[in-house]
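According to Swiss-Prot, the feature topological domain 'Cytoplasmic' maps to 1-59, 101-135, 254-266, 336-356, 400-422. Here Swiss-Prot flags 60-77, 80-100, 136-156, 173-193, 197-217, 233-253, 267-287, 315-335, 357-377, 379-399, 423-443 as transmembrane segment. The feature topological domain 'Extracellular' is assigned by Swiss-Prot to 157-172, 218-232, 288-314, 444-482, with sequence analysis given as support. The N-linked glycosylation site annotation in Swiss-Prot covers ASN297 and is backed by sequence analysis.
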Amino acid sequence: MLSQNQAEEAIVTNMNETEQEGGSSLEEIAEDQSMFNFKSFLWHGGSVWDAWFSCASNQVAQVLLTLPYSFSQLGMVSGIVFQIFYGLIGSWTAYLISVLYVEYRARKEKENVNFKNHVIQWFEVLDGLLGRYWKALGLAFNCTFLLFGSVIQLIACASNIYYINDKLDKRTWTYIFGACCATTVFIPSFHNYRIWSFLGLGMTTYTAWYMAIAAIVNGQIENVVHSGPTKLVLYFTGATNILYTFGGHAVTVEIMHAMWKPQKFKYIYFLATLYVFTLTIPSAVAVYWAFGDELLNHSNAFSLLPKNGFRDAAVILMLIHQFITFGFACTPLYFVWEKVIGMHDTKSICLRALVRLPVVIPIWFLAIIFPFFGPINSAVGALLVTFTVYIIPALAHMLTYRTASARKNAVEKPPSFLPSWTAVYVLNAFIVVWVLVVGFGFGGWASMTNFIRQIDTFGLFAKCYQCKPPTPPQAPSPHARH
């Protein structure tokens, strides 16, 4: 077996390799040192902290605005319990993905496979460990989930900006932000999201605490009612939105690949989740306390919070963060497309950006067809997130280490808090059964029922989903007619 140090070796990204290839004189190096250090500080991130910021920033984006809506469907107690429950099992399956990545990496390096100019992805890990059928399964679910994850960010951009400027309808804003988000084609990999991840987490932190404080200061609305849960359809729809919230680890492999020492990732997602709890729980609790059942008809919390400079700042910061999260969701799709057309090892940023553009077009189109901010989260959570980041990783881990020899030679042994392979298998089996029955089964039924109801109510290509009807022009007074 390879040593741990060998398993931890990082793959240098295309940008680093391009910069370091070729000879330079000592004088030239000295001249460029300060500029290089500044550029590296902003552009090249492969540390544990970079991974933590990426995980935390990516995990909580526009869902922050829909969690109060989920609380109105679930009720206060169930909302809090489901957040903690899905946060913990999401952290566990992210840990499983990291273990399988390290196992795959170690086996391939033992075979002297060179990953220069190649970003390892989840479907390749499944292919190397379990074969081509698992590769196809992973590729189908991962790409479809990330596609709709990008769609959701685009819908959220249009939904949010409307609360600052309602002179344009949400569909027009979707056109505009689709063009803006397309600029993410210029970001080569997760290695280059250092400054964006840091800023993104700061933006969501501000927004979460603004929501909590604004709701408390505003107080409860008159005759507020907290009747949830009232219907099974709403209950499981809300639960599935929370499952979606803590299912942001579909990009775990790409984040690990950007690290200098990927094996240190093991508990990063869990630590990121703990921080995310400090944002999602207080904000959702406070907004639901203030507005109660009114949230059932307002999936975006911004629509109920008082309009002022603080809210406008939160909207703008969330817009920027959704641009970042769009890049997080879309970058793995860019990699897949590059590999399909044979351009993945291209070093030119401009050429790579050009060949990536076709990926954005279907995302743009789908965001215009299904502009249902809120309900679409639950539908994606039930049908895609359940398999992509919960069921498939748990099953893959069980099958990879099903033999005694595989367990004996495993690069990563069971964690100290769960030292028995039997306990690991029991936990994995529980996750598979729970998510399959509750998440995919009940959640799928509830989410699709709610989603179809939105289509029946608003129609496909809805011009302005959940917008207030325009105020009819006032008739002129009798005196004005003379």
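A Cβ is built for glycine as well, from the same backbone N, Cα and C atoms used for every other residue.
Of the Cβ pairs linking the transmembrane segment (379-399) with the transmembrane segment (267-287) and spaced 6 or more residues apart, fewer than 3 are under 8 Å, so the two regions do not touch. For the transmembrane segment (315-335), the list of distant contacts is 54, 57-58, 61-62, 64-65, 119, 121, 142-143, 146-147, 149-150, 153-154, 156-157, 160-161, 163-164, 177, 180-181, 184-185, 187, 189-190, 193, 196-197, 199-200, 203-204, 206-207, 250-251, 254, 302, 344, 352, 356, 359-360, 363: same-chain residues at least six beyond its ends, Cβ to Cβ under 8 Å.
Other Cβ atoms within 10 Å of the Cβ of ASN297 (N-linked glycosylation site) number 11 in total over all chains.
Residue counts of the topological domain 'Extracellular' (157-172) by helix, strand and coil are 8 helix, 0 strand, 8 coil (DSSP-based). Residue counts for the topological domain 'Cytoplasmic' (101-135) under DSSP, helix first, then strand, then coil, are 23 helix, 0 strand, 12 coil. Outside the transmembrane segment (423-443), and at least 6 residues removed from its termini, the chain residues within Cβ reach (under 8 Å) are 89, 92-93, 96, 232, 236-237, 239-240, 243, 378, 381-383, 385-387, 390-391, 394-395, 397-398, 414.
With respect to Cβ pairs under 8 Å, the transmembrane segment (197-217) is most closely packed against 267-287, considering the stretches 136-156, 233-253, 267-287, 357-377. In the predicted model, the topological domain 'Cytoplasmic' (101-135) shows an average pLDDT of 91.
The stretches the transmembrane segment (267-287) and the transmembrane segment (357-377) are not in mutual contact, being linked by fewer than three Cβ pairs under 8 Å (pairs 6 or more apart in sequence). The DSSP breakdown of the topological domain 'Extracellular' (288-314), given as helix, strand and coil counts, is 19 helix, 0 strand, 8 coil. Residues in the topological domain 'Cytoplasmic' (400-422) partition by DSSP class (helix H, G, I; strand E, B; coil) as 8 helix, 0 strand, 15 coil.
Distant neighbours of the topological domain 'Extracellular' (288-314): 65-69, 71-73, 76, 79, 159-160, 163-164, 206-207, 210-211, 214-216, 218-221, 224-228, 234, 373-375, 466; these residues of the same chain sit at least 6 beyond its ends, with a Cβ under 8 Å from one of its Cβ atoms.
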